[in-house]
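**Q** Pulled the feature table from Swiss-Prot, pasting it below:
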- 111: active site, proton acceptor (ACT_SITE)
- 6, 7, 8, 9, 10, 11, 12, 13, 134: ATP binding site (BINDING)
- 109, 110, 111, 112, 186: substrate binding site (BINDING)
- 131: K(+) binding site (BINDING)
């Protein structure tokens, strides 16, 4: 079984895959809050508790972290507790098969890279990936699977929390779809601005990408939503085509299998 670990600023998601290649299947996933202070031992304790009987069935691990302190602890955890298991940490220098056609490839987040890889693998077409996480990332992937760049905006929670904390008369509200775009009270007005406002932000960015890049003006372009808040925002958009909740986990699986295949190819002449 392959364990995939997706560490973001807000949540950590674990995914467990059986099989490989076309026969791979995500059989279970877990979600927990990210704590940048967690140690390798604490991470191992939590992971083992969630995995239960599957702990001893892990044959590989593929992980990414957008939180540097947690990435360091995951590296220690893998060495200490799963040292006998092949693992891949997606970071600069790791081969993903995604050409990064940007000014500074080392600045591109691992989450954006694996999302691009998974999108190209699933659809084999020009793709625009919208990841609704701590930040809202719009990533542009060519028909060849190249990462062309994109846009980063504040996430839904960050924007809502900032509005409440910086405004004396406003308070934090539950982020749900209001009954109308025209709010009848302060709570509904804030919910309308958040939900419909972010839907408009996404639609605006997607339309600008399609207008600016000739290769993205056709009907073959696929716009994919992923991330924690995708189920809330996607239904209000006009440009998003598909929802792939496990896109990052799928990308981590693909990176692991590509690196394992490469290692096998390097070993084969000596066998």
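Glycine residues also receive a Cβ, built from the backbone N, Cα and C atoms like all the rest.
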**Q** Please report the number of other Cβ atoms within 10 Å of the Cβ of residue 109 (substrate binding site).
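**A** Taking every protein chain into account, the count is 18.
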**Q** With H, G and I counted as helix, E and B as strand and the rest as coil, say where DSSP puts residue 112 (substrate binding site).
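**A** The three-state answer is helix.
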**Q** From the centroid of the CB atoms of 6, 7, 8, 9, 10, 11, 12, 13, 134, the recorded ATP site, which same-chain residues not already listed sit within 8 A by their CB, in sequence order?
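**A** Near the ATP site, the remaining chain residues are 34, 66, 67, 133.
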**Q** Listed ATP-binding residues 6, 7, 8, 9, 10, 11, 12, 13, 134 - what's their greatest C-alpha to C-alpha distance in Å?
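**A** Farthest-apart Cα atoms in 6, 7, 8, 9, 10, 11, 12, 13, 134 are separated by 14 Å.
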**Q** Rounded to a whole number, how many Å is the Cα of residue 134 (ATP binding site) away from the Cα of the residue listed as 'active site, proton acceptor'?
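**A** Cα to Cα, residue 134 (ATP binding site) and the residue listed as 'active site, proton acceptor' are separated by 12 Å.
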**Q** Give the three-state DSSP assignment (helix, strand or coil) for residue 186 (substrate binding site).
**A** helix
**Q** If you compare CA-to-CA distances from residue 112 (substrate binding site) to each of the binding-site residues 6, 8, 10, 12, 131, which comes out shortest?
**A** 131
**Q** Out of 10, 131, 186, the binding-site residues in the record, which is closest to residue 111 (active site, proton acceptor) when you go by Cα distance?
**A** 131
